[in-house]
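S.K.: One structure coming up, written as structure tokens, with questions to follow.
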């Protein structure tokens, strides 16, 4: 039974538009991941955007709850129905049908399409919702309808805003399976399982708690696919269903051990976590030290650790990923397209963690032996800081033994990192909460952008904010703030393209310089510095800076670059971020390794070839589904409306894009890659210049070459460099010979058994080279040399073929005598000191140290 298809087809037959699952990374700074089906319709429910033409919608939404407010990670594997990734089936009405039809649809689908017996179905409603109680009685006997309080049956998005009562449908799994004291309807047991939540959004809650009926109430429902699938297959646990057993069977194959539910938590963790790993990697999230990438890393490391418990001591998750891509790739086609990319990045991250997990587990076991009930916070921090064990992974390991971590001590160790993290968020938007944006949104729901067609436009000045985002009626000369034009030609920063700069003109002169443009809560606002008084309500001429053309050149170049990277490196390449400015571009993309010098050159040449073909650009507006069907590249993480702009340069590049572009590829001029580097695991970065910036880059490069030739006194730079390299080689050879002669002059020391001990002052030469020369001369030797240069002291020690003396420990013992410090490996160490007057004392102590250990 394909429940996903049955659900979408059913609601399509009821006049609902079918929406694709939105990206797991939402265009919403308040959310870490998409965690509910209604997220992609949030702006409609809150009134920020108007309802679509068809006010009925349905979707099967991928959701992740692992990190942030909604975090199920620690429960996964230990319960029958917690998951990091799940699919939420939902139907939505935006001011169209309400309770009666929502209830009728739900009942019909559950009983007639899914085939659940009416005898096993129960319903809850809010204690005050008499209307829902009456409507349900058309389908269910009143004895099977239970009234519940706000905690269970009232839904709200936040402290204020849209909210309303909800109604839930439950399935009775049978008394014969579940018969604990909590297994009654409304209890905390597992006998009665909720499968569908119908939210009746009918109120607006004000700041004082007052509920005001909405003029057009809406419907938001959610049904967990995994839970319904398990019930339809007669399974008590989601993990026993056909959605998870293929991954569990693969783990059985890899371990050679059979899965049993009672002891199979590790199998369930792996089966769950690999789904999240596959989808996040496919959608452009990469392993990282912070943010979403860190959550992904935690998920993988938790799965690896559970594999380690099962005896898997080498990378294995990439093999389980193959199963996920095969099983779910028919509905989510990009899993098959990105299969090799997913497996490669998973394998690489596993390798990194397996390199440290054994050492970390050793530290964990030793600390555990000393632990009664509380695990050392310092040890937990060491596991985190040195071995890459996230705190929740350590807690997970201890949970099985009934032990907790000393969180206070752990937090004390983390204090410095937390302070740095807090500092990095400074200015990230908290000050905006104090601004007057609510007043602007109430007075002017939006302002329109007209800059695609024109770069100068006369418009009314609707509102002014000062630099603290407070609304004011005017700004005087020298004051800075923000302006909202009724129609603006200034492009607001978006999609990596910087916001437009320019001028505001009135009364025959320039009255303000526009220094940038951004969207704030959907409003296009330009940051300005006033040169003369400007007032709300007056008419201004807005003129975009000519530098926008240079920005457009760089933006169009990123499209061509993206296309060439996919063509030359593979379809796994996906945009992971970009920055487009007037004098440079930066393009981040998914790729597992650094580009070779030849690959960089090839990419640069191919982009320039497309530029030289003088390909006209074309911009079209079309429905998002039509655009994707036509082959236009859509980027994960981007939020698209019903209508989208498609920008193409012939067949070379076709992308969904809201930015501004050149009219012809030839207008880009030329394209030079200035740098290729890594951003994080699996993400590379190309920096480049084009247009006038490319001209200046080339001119400066030629100037540097001319200056270098002048310095080298060479007509050809390459010949001059080769000559210089030869001179350097000769000088190094002379220095090495000199160093060897000096080290040869050092005494042969004393023999202690079979080991030669040399402790001497080095008058001249390189101290490290001298140590190496002496070590090469003898089979067993412990040597420490001291050298004084300009009142500073250098110490170096080397040990070969002798375990009783460690060079690092030797140096640490002697360096303090000279007022310094240092250290190193067992075979070589060095240090510096400040007090040259103690040189003789230090040498004597060094001799005594060696002789005592070899006696």
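Even glycines carry a Cβ here, placed using N, Cα and C.
Feature list, courtesy of Swiss-Prot:
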BINDING   555, 559, 657, 661  Zn(2+) binding site
S.K.: What other residues of the same chain, not counting 555, 559, 657, 661, have a CB atom within 8 A of the CB centroid of the Zn(2+) site?
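M.R.: Surrounding the site, in chain order, are 497, 552, 556, 558, 617, 647, 655, 659, 660.
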S.K.: Including all protein chains displayed, how many Cβ atoms other than that of residue 555 (Zn(2+) binding site) lie within 10 Å of its Cβ?
M.R.: 25
S.K.: List every residue in the same chain as residue 661 (Zn(2+) binding site), at least 6 positions away in sequence, whose Cβ is under 8 Å from its Cβ.
M.R.: 552, 555, 556, 559, 617, 619, 647
S.K.: Which state, by DSSP, holds residue 657 (Zn(2+) binding site): helix, strand or coil?
M.R.: coil
